[in-house]
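Positions annotated as domain '3-dehydroquinate synthase N-terminal' by TrEMBL: 74-185. The annotation NAD(+) binding site is assigned in TrEMBL to GLY112, VAL113, ILE114, GLY115, ASP116, THR136, THR137, LYS149, LYS158, THR176, LEU177, ASP178, THR179. According to TrEMBL, the domain '3-dehydroquinate synthase C-terminal' annotation covers 188-337. The Zn(2+) binding site annotation in TrEMBL covers GLU191, HIS254, HIS272.
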Amino acid sequence: MSDRSRIDRLSVDLGQRSYEILIGRGLIAEAGKLMLPLLKQKRVIAITDSNVAPHHLEGLERSVRAAGIAIDSIVLEAGEQTKSFTGLEGLLNQLLEIGIERRTTLVALGGGVIGDLTGFAAAIALRGIDFVQIPTTLLAQVDSSVGGKTGIDTPQGKNLVGAFHQPRLVLADTATLDTLPRRQMLAGYAEVAKYGLINDPQFFSWLESNGVDVIERADGPLRHAVLESCRNKARVVAADEREQDARALLNLGHTFGHALEAECGYSDELLHGEAVAIGMVMAFDLSAQLGLCTLEDAARVQRHLASVGLPTSPTWIDGREWSAERLIRHMGRDKKVQDGRIAFVLAKGIGQAFFPAHAALEEISALLETAIAA
Ligand SMILES: NC(=O)c1ccc[n+]([C@@H]2O[C@H](COP(=O)([O-])OP(=O)(O)OC[C@H]3O[C@@H](n4cnc5c(N)ncnc54)[C@H](O)[C@@H]3O)[C@@H](O)[C@H]2O)c1
Ligand SMILES: O=C(O)C(=O)C[C@@H](O)[C@H](O)[C@H](O)COP(=O)(O)O
Ligand SMILES: [Zn+2]
């Protein structure tokens with residue numbers, strides 16, 4: 001690593017399951033040395049995807065071998081559809097064929113798809129082995145690599161099968177974002193903005209002035225956004241690891257967003273971050289409709305997300321027919337449902353999200369009908 005690229009360190013405080021998040025430019029070159037003290041065996045298996053491998057796998061393998069660690073690599077097909085029963089079966093088969101032991105560590109090198117899938121495989125292979133996260137998308141660096149939510153999508157809904165399984169270490173190399181397509185940067189930005197909207201109004205105001213620079217990958221703003229997002233997430237996860245309470249706030253926009261994703265069949269038509277952007281606008285619109293926040297708050301959320309180039313309405317997808325009824329059916333399978341009632345994260349203003357909030361079915365239908373007709 002060059003001198004100018006210092007390492008920022010945060011910790012996720014979870015007692016015996018505590019771990020560090022390291023953020024820096026060029027960290028992959030140090031990955032072997034950094035993970036060595038945590039390994040139970042000088043052997044790892046890297047799992048990555050077909051888009052990430054050509055850019056970043058060789059660098060990881062080199063740094064791991066230089067630290068005296070043996071490495072095998074598995075390259076999966078890129079895309080959300082790999083985060084499925086079929087993808088999981090394929091990965092587990094490859095791991096068992098290559099041969100893993102209880103002391104082997106898996107290394108997830110990729111975005112949220114690779115992180116969630118590898119983490120879940122690590123949670124269940126041999127009844128649980130260690131894994132390390134090396135996130136390579138903005139979304140994964142600010143959100144999915146931290147907190148131990150692992151799992152797969154099913155036709156019934158997002159992440160309906162999974163486990164809480166914390167990584168041993170998170171290495172966020174911001175240089176990997178140099179090769180990330182712009183659409184993916186934008187999608188990750190939705191989860192960055194989410195932290196401001198939940199409980200950090202100053203951060204949201206900062207994003208209103210600096211969001212474009214974050215998306216353009218300007219060094220300082222990008223580093224600040226990743227660091228603040230991870231700080232925020234680490235605090236929430238440490239307070240409520242298994243989402244009994246406050247962690248549900250991290251689901252702002254997701255009740256709507258996950259339903260939109262499921263309707264699109266987890267295809268490239270709508271990325272997770274894009275769905276979350278639309279979902280957050282809908283959550284603020286519902287909050288305004290219920291008189292919880294002002295119309296201006298809701299308009300401000302919509303304005304900012306639209307101004308950076310994110311979608312803010314389901315009608316963003318050309319030619320797709322939406323059905324409020326089908327979306328409500330998906331929302332009814334959300335993991336936050338309580339006694340059969342959909343429980344939302346809503347907001348009393350920017351940075352004032354709360355959970356649980358309920359709305360009458362007619363209110364939800366009215367909101368969806370307006371959103372899909374707009
Ligand atoms: N576990 C959690 O807490 C959590 C949080 C947020 C989202 N998620 C999940 O994360 C998933 C979305 O993650 P994502 O947005 O990272 O998607 P992704 O993993 O599909 O990555 C996006 C795309 O970018 C490519 N890519 C990744 N890194 C690259 C790089 N450095 N250079 C070039 N291409 C690169 C990938 O191959 C893929 O095509 C969803 O399944 C979502 O549900 C989980
Ligand atoms: O870490 C969390 O907690 C989150 O909710 C983060 C979300 O951004 C993420 O999309 C998560 O996978 C959603 O979890 P789920 O429990 O709604 O499936
Ligand atoms: Zn999310």
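Even glycines carry a Cβ here, placed using N, Cα and C.
Comparing the Cα of ILE114 (NAD(+) binding site) with the Cα of every entry in GLU191, HIS254, HIS272, these being the binding-site residues, the smallest distance points to HIS272. Per-residue confidence over the domain '3-dehydroquinate synthase N-terminal' (74-185) averages 98 (mean pLDDT, predicted model). The shortest Cα-Cα distance from HIS272 (Zn(2+) binding site) to any of the binding-site residues (GLY112, ASP116, THR137, LEU177, THR179) is found for GLY112.
Over all protein chains present, the Cβ of GLY112 (NAD(+) binding site) has 25 other Cβ atoms lying within 10 Å. Annotation note: LYS158 (NAD(+) binding site) sits in a strand segment as assigned by DSSP. Sequence-distant neighbours of THR137 (NAD(+) binding site) (same chain, 6+ apart, CB under 8 A from its CB) are GLY110, GLY111, GLY112, LEU177, LEU180, GLN184, ALA187, GLY188. Neighbour counts were taken as the number of other C-beta atoms within 10 angstroms of each residue's C-beta; across the binding-site residues ILE114, LEU177, the minimum falls on LEU177. Taking a C-beta cut-off of under 8 Å and a sequence gap of six or more, ASP116 (NAD(+) binding site) has these contacts in its own chain: LYS83, SER144, LYS149, THR150, GLY151, ILE152, ASN159, GLY162.
With DSSP states grouped into helix (H, G, I), strand (E, B) and coil, the domain '3-dehydroquinate synthase N-terminal' (74-185) comes out at 50 helix, 34 strand, 28 coil. Neighbours of GLU191 (Zn(2+) binding site), defined as other CB atoms within 10 A of its CB across all chains, total 26. Of the recorded residues, GLU191 (Zn(2+) binding site) and LYS158 (NAD(+) binding site) place their C-alpha atoms 16 Å from one another. Taken in sequence order, the binding-site residues GLY112, ILE114, THR137, LEU177, HIS254 that lie near ligand 2, meaning a CB under 6 Å from one of its atoms, are HIS254. Same-chain neighbours of the Zn(2+) site beyond GLU191, HIS254, HIS272, judged by a C-beta within 8 angstroms of the site's C-beta center, are, in sequence order, LEU139, ASP143, ALA190, LYS194, GLY253, GLY257, GLY273, ALA275, VAL276, GLY279. For ligand 1, the nearby binding-site residues are THR137, THR179; that is, of THR137, THR179, HIS254, these have a C-beta under 6 Å from one of its atoms. HIS254 (Zn(2+) binding site) is 10 Å away from LYS158 (NAD(+) binding site) when you measure Cα to Cα.
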